[in-house]
């Protein structure tokens, strides 16, 4: 038998000896051959692992790009952002720069919201809720910070005002209308909606007082009293908003156990699973935020030129057109959940986002301007403050019953048309 094996080995090629395991009576030879046989597969596996890792990393990168960028049809608008930058550098057509930049920032804002939601899967309900609260209006915050850095205080005020009006009238209105078409009457959590409405009314106090003080001319020290009141009010609003966030997240954490039981009992839909990993979410979050920050510079710089080129007031561009870029994702989300009869989520997107802008982002801009020596205040001018005040009251009245139908959505949408028409004929006395 051994002679037959030796003859077979001699007939084989030199590279094939590693596949033959020869058993010998000699103990030393046998141990040596066993050690060599054990070592070879490890070496071969190591080489294969390196090659496999390269293929695995490549497939992960492709899958991540496909999931975040290629799988969403609206992302075909992303190249319009670089095109807007190119048009700005090669020509002086601010109107084209603005419209291309606005269309290009829409998918970026939606992807920023998407990556935040993906990251929230890995952080638990409490931290996840904080992430959504922090990045929910990241696009508006980035645009405002750039405008503030370049000294365009009025653009900051008008763009944030426009986000509030768009959320409370357009986003909420189209959500109630879409849900009302699917179901005749929808019921939502009245308590949560009332809390957010209360935050909005509290923020309105901070905005009404400086504007009224300025309009009546009853300041003790003209200009400085209004600014001091705005700064103190901003600190109070930020503190109140942080307390409300802590309260809501604490309640969410306490209810997490009962919600898990409901899911196991089949009362809730199956929980969604994350589509990308934690590190992918962080990387894409940084990429989209950087892209929005870069594109917002050209968008804000083109506002004045667009106003002159189109013959449209700056207030209309800043209040009505500019918020479109940041609120597209909110419209999609609110409509989707409203049609699934999950109106609480839609209200959280529309009213919760408005509460965050009025209670945190606007006061944050005032405090930031204070730190950098800029006279940013809460005086949005009398016309703008009156418009916002009536909008908050009307939205609070619409949702105070805890039920909704398509008629309420139609009323909100018609109110938004009235606001848009008023800003189309409104000339801003303040300089941007």
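Note: Cβ is positioned from N, Cα and C throughout, glycine not excepted.
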Stated TrEMBL location of transmembrane segment, expressed as one of 33-55, 56-78, 194-216: 194-216
Residues flagged as transmembrane segment in TrEMBL, choosing from 290-311, 378-399: 378-399
Candidate ranges 228-249, 250-271 [criterion: TrEMBL lists as transmembrane segment]: 228-249
Contacting positions for the transmembrane segment (378-399) when only residues 6+ beyond its ends and CB under 8 Å are counted: 157-158, 161, 164-165, 168-169, 172, 176, 188, 190, 193, 197, 200-201, 204, 206-215, 226, 229-230, 233-234, 315, 319, 347, 351, 362-363, 366, 408, 411-412, 415, 419, 422, 426, 428-430
Best-contacting stretch, by C-beta pairs under 8 Å, relative to the transmembrane segment (228-249) and drawn from 160-182, 194-216, 314-337, 349-372: 349-372
Same-chain residues near the transmembrane segment (406-425), Cβ under 8 Å, at least 6 residues beyond its ends: 165-166, 168-170, 172-181, 312-313, 315-316, 319-320, 387, 391, 394-395, 398
Per-state residue totals over the domain 'Sodium/calcium exchanger membrane region' (281-420) - DSSP helix, strand, coil: 115 helix, 2 strand, 23 coil
